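Below: one structure, written as structure tokens.
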């Protein structure tokens with residue numbers, strides 16, 4: 001049940017500060033258009049059409065990484081999505097930014113510079129600390145209201161996400177509203193029939209958290225091929241990381257007792273891959289039965305065809321299906337079989353379905369599916385996991401105060 005104010009509670013024509021999550025892939029310095037712009041455009045366009053003066057906050061990448069770039073390209077992409085001019089200023093709360101904010105007229109949209117270029121944005125600290133930063137105090141006085149639409153970043157206690165609701169009127173944008181409602185449904189909704197969850201990705205802690213918290217709700221957990229630590233607990237020596245970083249070894253060492261205990265307690269609810277795919281000496285996709293893996297010597301990058309044949313009817317016969325993360329390295333078409341196949345099976349059903357994780361919407365777009373074939377497609381990653389496990393989302397909590 002939502003307990004925060006939404007755009008329906010906001011009087012038209014005010015000057016508003018809107019936090020979006022436009023964090024995007026960057027290839028050779030070029031920001032890639034993606035579904036996040038589609039989603040957030042709904043909020044921004046509604047506000048502009050209602051005569052609000054709109055200033056946008058967003059982040060991109062992390063300091064020191066190749067994707068840590070300015071938001072000037074984001075402003076251009078957003079303009080295409082809302083079909084109106086969007087201005088950009090290369091400051092977040094400096095004198096030029098304040099000047100441009102003061103010059104906003106009804107229906108104008110201004111994108112401020114990358115929040116993570118501000119010293120006050122990082123690291124994560126209590127909301128009360130972030131509310132007292134120069135960043136928050138400077139901008140708060142320039143606006144009538146703050147709107148958080150960045151559900152996918154709601155697990156982060158950063159200044160632009162948690163500071164403003166403590167010092168000014170705060171509202172949820174349309175993405176925040178719909179994502180929160182859909183992603184909490186699994187914990188609140190009751191089902192009479194089979195409930196299935198497809199769990200992918202490479203983070204053992206995410207797999208553990210999801211399965212531990214949802215074991216009474218979910219009848220069958222189907223595991224993706226690169227969640228390699230769980231097959232290891234079942235006695236199959238799978239998995240080097242694709243960059244030879246021994247990701248599985250490190251995660252196994254840190255979480256082996258929890259994984260073994262989880263597998264022992266919930267073995268009848270867990271369906272493991274029966275075959276896995278790897279790159280052979282000719283750079284082609286090859287598959288191997290899990291039972292035939294007797295030593296750890298390969299990087300397995302996807303579930304195999306037999307696994308997909310086993311998983312698909314389980315999905316299609318379910319009353320509800322939830323998906324989290326990838327089944328394989330779908331960016332490489334050779335290893336897209338698992339991720340694309342699972343998503344196609346979910347799309348083919350009429351059941352209640354929610355799919356999410358940081359890469360899911362990208363996979364849907366890459367392989368020609370439409371979001372309306374699913375009950376809900378979450379653009380969130382970490383926040384989606386936390387919602388499924390009923391963990392605190394600090395960005396939502398401050399809106400509810």
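Our numbering is plain: 1 for the first residue shown, then up by one each step along the chain.
Backbone N, Cα and C define each Cβ position, glycine as well.
The candidate list 84, 116, 267, 285 contains one residue that Swiss-Prot assigns to the substrate site with 21, 22, 23, 36, 59, 60, 61, 62, 156, namely 116. Largest Cα-Cα distance over the residues recorded as binding substrate, namely 21, 22, 23, 36, 59, 60, 61, 62, 116, 156, equals 18 Å. When the binding-site residues 61, 357 are compared by the number of other CB atoms within 10 angstroms of each CB, 61 has the fewest.
With every protein chain in view, the residue among the binding-site residues 21, 331, 359 whose Cβ has the most Cβ partners within 10 Å turns out to be 21.
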